[in-house]
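Before any comments, here is the structure.
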Amino acid sequence: SMLLSEKVGQLMDWASKRAVIRMNGDKFRRLVKAPPRNYSVVVMFTALQPQRQCVVCKQADEEYQILANSWRYSSAFTNKIFFAAVDFDEGSDVFHMMNMNSAPTFMHFPSKGKPKRADTYDLPVRGFAAEQLARWIADRTDVVIRVIRPPNYAGPLMLGFLLAVIGGLVYLRRNNLDFLYNRNAWAFAALCFVLIMTSGQMWNHIRGPPYAHKNPNTGQVSYIHGSSQAQFVAETHIVLLFNAAVTLGMVLLHEAATSDMEIGKRKIMCVAGIGLVVFFYSWLLSIFKAKYHGYPYR
Ligand SMILES: *[C@@H]1O[C@H](CO)[C@@H](O)[C@H](O)[C@H]1NC(C)=O
């Protein structure tokens, strides 16, 4: 068995290297289970190996890393609480010992005594957002963690874009503000609003997802989130563009059918409209299929 000071020293050493300490069965028994302890440990039991195909584990892990890093780099950081993770493929004995049969599971091991009922995080009810985990930790310990996410520039960018469009319109028509009575201008503004809302900009604003995800092992960047539970900022921009292209195709088709331009131009508009609708709609469907696994149709 280890002395308390040895344990704290060891944990501080690991915590200085990575915010979430990876534990196997041996480390878990010595540093989390065995007394004496004067520190809390939050443990994520998970299964991150690709062959386990646990999509939720990956998402929960990302949030957990955000939480642990927010604590690790905050000015309030102390040796009162540590963040650890046990992967099923590195510590299956721990899973058996804890009688654990689902992943991911978050548990708090208090500095004194055994974990109580409320020390197991209610994941199905509360979700795995870092803010929710922080609230739970504040309940179970006296440690308050302010979650800090990587900055998100999508909101200001979109607002800037809208203001630029409106400013441009006003500038072009500065001598004659009749455009305020122009149905096309209002239709265009309404369309922008719909595209912004249906592509998930509001969701970005509320949840603050990362712009894209870079796989630390392969260096590959993915712009589309692999599940229907979440989306990256880049993804919402892609969806916005595709929706806009489909709409443009529809408008072109409509104009081709109703305007009194010469027939040649209308034919070109018609073909371009069909092309835009067909290609961008099928690309939208491809994104949907990539996110919604098990969609049965080609
Ligand atoms: C726990 O005990 C160790 C060793 O006595 C000490 O260094 C550490 O500061 C203590 N931690 C807390 C949170 O009191």
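Each Cβ is built from the backbone N, Cα and C atoms, and glycine gets one as well.
Residues or ranges marked as transmembrane segment by TrEMBL: 153-172 (among others). Sequence-distant neighbours of the transmembrane segment (153-172) (same chain, 6+ residues past either end, Cβ-Cβ under 8 Å): 179, 185, 189, 192, 196, 201, 204-205, 211, 233, 236-237.
The annotation transmembrane segment is assigned in TrEMBL to 184-203 (among others). Here the transmembrane segment (184-203) has long-range neighbours at 154-155, 158, 162, 165-166, 169, 209, 231, 235-237, 239-240, 243-244, 247, meaning same-chain residues at least 6 beyond its ends whose C-beta is under 8 angstroms from one of its own.
Remote same-chain residues near the transmembrane segment (238-256) are listed as 191, 195-196, 198-201, 223-224, 266-267, 269-270, 272-277, 279-281, 283-284, 287 (criterion: CB distance under 8 Å, separation of at least six residues from the stretch ends). As annotated by TrEMBL, transmembrane segment applies to 238-256 (among others).
Feature annotation from TrEMBL assigns transmembrane segment to 268-288 (among others).
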